[in-house]
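Annotated features, as they stand in Swiss-Prot:
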type: ACT_SITE; residues: 613; note: active site
type: ACT_SITE; residues: 676; note: active site, proton donor
type: COMPBIAS; residues: 32-51; note: compositional bias 'Low complexity'
type: DISULFID; residues: 124-760; note: disulfide bond
type: DISULFID; residues: 132-720; note: disulfide bond
type: DISULFID; residues: 188-441; note: disulfide bond
type: DISULFID; residues: 649-772; note: disulfide bond
type: TOPO_DOM; residues: 1-61; note: topological domain 'Cytoplasmic'
């Protein structure tokens, strides 16, 4: 799944653009008098008089009036032709509809594109700076954000729409889920009540977990009854806090028609294991800030021996980091190499210090047999976790597990807790100002009531007509991939047949799931209590209900049409174990997509993102799954070897890019780079197909660029973005995407059609002689 490409971008007030007639004639030219009226013979004025018939005065006046009326009609006809014919109606086959919205959209598009450009930069030298230079000059990063870009601007508009929807009264028409999400939003905004409660709600949770230090001291009677498995049940099965490992219900990678319990490495608070190892100055700063954060939260919660507790918990997390494997390691990307299906009996032998049957029986409310199969994705890690449990004092294990619950819930507490979180985020990512409360609460509403909020969003901000148009655009791009597969000279016939089958079976979801149109169906997703005065309790109710829904899946039939994200999400994704692409309504907004924009911009905008997700089905990760979403090697050895050889060229290309003295990791970002490059090509060729079928588009007013050039400009302007320097460190370390500058340069420089469109000299930076290409 893609990380969020985190709703219309900051358009100015655009003036209307006046177009000439599509027919290329002036409004008065070719206008003839009505039948029966004689034409002028071209004689001089003096000679004309002698040729007039001798009409009486009344007839002369009548004729003059008719001539005046005819002239007025001609002028009106010219004005109407100027207004309703022209570039704005391109592709409509005639006059555009009343009001001509596409003409205004063309004007907006022209203003947006030209404002973002920096025409002083040679596009053949640095296309990103050419396409985004104007935008980068005009925009600063808001104080409460880590990054800001053209897609983030779309997010701002979507957020404003969602806030207005949530601000409406709780009563009135609509289902129970809609009333609950509004009540939840209000409970989050009620900072007076949250502040009045202070740490008390969290202290109740800690007490439920057994308190700190096994009830206060290691020699108390309660310590003798301490049970690691019971506390793991509380953490994982009640509060959804991953500790020591993660426990989820997922599709079985080798049999995607069934759900399976999946166990994997987890339990670290910081986002990447290398941050715990303090291998460079950046990670040392993060680790020091994390230690301060731990001590601050422990003091707020009234813990004793704060420094000692923090140090012991940190050391335990460092031990977990040392036995973990980075998510970007080759081992983790090869799913077949980590997939290990075992019975509960076998799992018990791998990790003898955990009581797996008891733990799973409690969480799932089942009576599992020893033969129940689970998927273990980190066998070596779990063996070492068992040894870590054996060698770690119970008090430290207990405090670590309680800490993991505290970390998960602390963002929902009173201002002192939120300030501590902000100070850590500031050191890690550089955001100077905490998010305003309304944005925080909107984020929580999205997280806990995503589909309920989505039902409100699509009802008012995404039409069925837009859904149909985007679906057609997706089909056009899929068609091009089918053609490209036939043309590949490095893939043999057997592998091509399997690749075509995968394309044919691929599911495409656009806009929103249909069940959102039925309030009673949405209500079933949120059958838990919500009260406006109990924010943290609302969170806990949501967590417990989500766990209930998840554990029920283990015996349910798989429905591959379900969505991972709600429709207002500013994201798009491909799921290999479903062979499913999803394009939510939240990302199908201007400037990425506008039904009235020139198609060059739609294909360069949302089209390249569609192509990106489509290509994920055939990259180094998605290519491990077959047409049904099963982990199955469908390549011949010869074709796969040639694929890896071509992929290595891309690895070397991105390894040569640096940002803030950090080298981009070409292997780490390989899948996304393949998808960027492939998506650009697929969308471009799909646009050429559209032009062949509908005819060329009229130029954008006052822009000297061809529509082929505008396609590439639109692609680049998807990724106009500014980042804080601290966040760049984490991006290069943890993000599977290359920095945006190089997402653009790496893609266009390897595509021969870009060099042709901009007439770039051979071996110029954007048109190297030797290019990397997979799809």
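Each Cβ is built from the backbone N, Cα and C atoms, and glycine gets one as well.
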Densest Cβ neighbourhood among 132, 441, 720 (disulfide-bonded residues), 10 Å radius: 132
Among 649, 772, the most crowded of the disulfide-bonded residues [Cβ within 10 Å]: 772
Secondary structure of residue 124 (disulfide bond) (DSSP, helix/strand/coil): coil
C-alpha spacing of residue 772 (disulfide bond) relative to residue 760 (disulfide bond), in angstrom: 17
Mean predicted confidence [pLDDT] for the topological domain 'Cytoplasmic' (1-61): 33
Which of 124, 188, 760, the listed disulfide-bonded residues, has fewest other Cβ atoms within 10 Å: 124
Nearest recorded site to residue 772 (disulfide bond) by CA-CA distance, among recorded positions 132, 188, 441, 676, 720: 676
Residue with minimal Cβ packing [other Cβ atoms within 10 Å] among the active-site residues 613, 676: 613
Spatially closest candidate among 124, 132, 441, 649, 676, the listed recorded positions, to the residue listed as 'active site' (Cα to Cα): 676
Spatial neighbour of residue 720 (disulfide bond) that is closest, considering only the disulfide-bonded residues 124, 188, 441, 649 and their CA atoms: 124
Separation of alpha carbons, residue 649 (disulfide bond) and the residue listed as 'active site, proton donor' (Å): 15
Length of the line joining the Cα atoms of residue 441 (disulfide bond) and residue 132 (disulfide bond), in Å: 32
